[in-house]
Each structure stands twice: as C-alpha cells, then as structure tokens.
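A short worksheet on the structure shown next.
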Amino acid sequence: MEGTPAANWSVELDLGSGVPPGEEGNRTAGPPQRNEALARVEVAVLCLILFLALSGNACVLLALRTTRHKHSRLFFFMKHLSIADLVVAVFQVLPQLLWDITFRFYGPDLLCRLVKYLQVVGMFASTYLLLLMSLDRCLAICQPLRSLRRRTDRLAVLGTWLGCLVASAPQVHIFSLREVADGVFDCWAVFIQPWGPKAYVTWITLAVYIVPVIVLAACYGLISFKIWQNLRLKTAAAAAAAEGNDAAGGAGRAALARVSSVKLISKAKIRTVKMTFIIVLAFIVCWTPFFFVQMWSVWDVNAPKEASAFIIAMLLASLNSCCNPWIYMLFTGHLFHELVQRFFCCSARYLKGSRPGETSVSKKSNSSTFVLSRRSSSQRSCSQPSSA
C-alpha cells in the first residue's frame, strides 16, 4: 500500500511485506505519488468527522456535568464512552487528517510511536467501554439484585482503561520512523517475519471487533430473553387478574402485584437497553467495513489496496464516535434540554446584570446577590426534573 494515505491509518500497515518498502531490494527513484482528488475527499470527510465528534461528545460531557442526575450509573458509563470517543477524535482522526494533508509524517521517531500508540488506545477504549456498559445493562435486566455497585463500576472502568493502555503497547514497537524511499521518511510498520502483518492485524480484529461482537450478541440475547419472559408473565398475570373471582381472589391480587412489578422493570430499564442496543448496532455498522478491508488486505495479495472504496471504507470506523452523541440525545433528550435551558438562563442573567445606566454600587449589589442565590434560584428556574 505504499504511497496511499490509508497506509497511515491506525493498524493499517505496508501490507505487502514485513519490511519497509525501501528495503525490498532496490529503492525507488523518488517518493511515490498519490491520488490528489481522493486525498481531498479524505480531508473533507475527516474534517467533518472531527468537527462532529468533538462538538457532539463535548456537549454530552457538558450536559452530564450540569444534570442533577450525574451520579446515575448509566450516565457514568456514558461519560467514559464519550471520553473514549474524544480520544478517538483527537488522537486518531486528527493525526490522520494532518497526515492526509502533508502526505508524509513530519516529526521525530518518538512522536511517530506515540501517535500510533494513542490511535489504538482509542479503538480499544471505545470498544471495551461499550462492552462494559452492555454488561451492566445485562446485569440490570437479568440479575438486578447482583448488578454492579458504584465502587465496582469505578474499578471496572479503571481496569478497562488500564487494559486498553497495555493492549496497545505493541504499536510502540511495530511502528517507527523509517526511510521509505531515497531521502523520504515516514511512520511505518516493520515486522521481522513475513507473516507478521497477518498475525498482528488478525489479532487486532479479534480483540477489537470479533470477540466483543460475540460477547455483545450474547448479552443482548440474554436481555431479549429476559424481556420476553417479563412480557409473557405480564400478559399471563393480566389475564389471571381479569378472570379473578371469589374463589381466586388471592391469586388475582398476586397477579396484579406481578403485573405492577413487570411494569416497573419496563419503564425503568427498557429505554436504557434500547439506547445501548442502538449504540452497539452503530458500532457494528461503522467498524465492519474497516476490519473487512483490513483482513482482506493482509490475507489476499491481490486485494485492491489503492481503490477508492477500499480507502474510504477505512474512514467509516470513526463515524462511530460521531453517532454516539446523537443516540444519547435521542434517548436522553432531557439532558440536552436542561443544558440548553441553563445556557439561555445564564445568558439572560448575564445580559440583565450588564444593562447600561446602572450605578457601580447597584452592579456590585446585583453581582453579590447573583453569586449568593445562583445555586438555588438558577436551579429552580433553569432545570427541569429528569424523566429517566
């Protein structure tokens, strides 16, 4: 894949061999060329992805910070998933955007290794935090009495981040600043054995995509079965309650109690399960083309590695970091409603306090009153009760 910007993308390698292109016999006479039209399309797409990912996830974090329900377990996982998406945007999308603009990596060897390391950290973190949130929803539905406690949540998230940092370590050893043509240097992967690219890309695909998807499918299979059981119980209990007679009055009352219990489960948790399921679906849709072309390129020597569709497919993975904030907004719209209300409320108070013609004494008095009463009055006027 020498000469294509996609060669710089995350775990994408010089897939033709296990050595840098400059060491495959004779060096090329000059630096390879690229498709400039395709490069401009890549730059435009990456600019859009970067803007949407940064703005969307920043709004999510701000909304979670200002909500009165910030200690919710679901919101805790949403916060860390948004942080992981920001890591993807800053350390994966942004370097790739700069790389597409400059065509070659311009920087020291240490920066090359660091960028490659952080690119994969974002991939691992986004995947495994989503997996952790899905496991939490599975426990909440299937075994509510054994669901994770707050201390366990924090330890699980901390362990996930540490595991992602460790799992990404091979990038530091594999990538380095190499001479890819006469006088031309780039951040490139080097393998000792010719089967190295196959082994490494296959491992990344298993660790970041195949194994998590299998676990996610098992989680939502269990969740679906439990919900089906509850709905069936609810229907049967409602029928038994409707048939209540004098002889079965106690059974009818018990059935009504069971109906009420099922309703509580549905209202409190089904919506969060739906949200997590849509996030998982977006993850699969966005990452499948990326890993498909990665595996194709290492296992098929005749793969069209420089084709436009091949390269664009690798850009789709980052769309996942753009989709998640919109999914949050769809299912927890009250978060953004509160954020907008607080913004307009604070803006109105600022404008009111900045009216011309007021004396300095009155300004000082108004400012002091605002500071003292901000916590109580602004919360009463600017925030709405959550519907979660």
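Backbone N, Cα and C define each Cβ position, glycine as well.
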Swiss-Prot annotation, disulfide partner among Cys47, Cys187, Cys219, Cys286 for Cys112: Cys187
Per Swiss-Prot, Arg65 shares membrane side with Leu231: yes
Candidates 39-63, 75-97, 155-175, 275-293; stretch with most C-beta pairs under 8 Å toward the transmembrane segment (203-225): 275-293
Integer mean pLDDT for the topological domain 'Cytoplasmic' (64-74): 75
DSSP-derived structure type at Cys112 (disulfide bond), helix or strand or else coil: helix
Neighbouring C-beta atoms (10 Å sphere around the C-beta of Cys187 (disulfide bond)): 23
Stretch of maximal Cβ-Cβ contact with the transmembrane segment (309-331) [cut-off: under 8 Å; candidates 39-63, 75-97, 114-135, 155-175, 275-293]: 275-293
Long-range neighbours of the transmembrane segment (75-97), counting only residues six or more past its ends (CB under 8 A): 5, 8-10, 43, 46-47, 49-50, 53-54, 57-58, 60-61, 64, 67, 69, 115, 118-119, 121-123, 125-126, 129-130, 132-133, 136, 150, 153, 157, 161, 279, 318, 320-321, 324-325, 328, 332
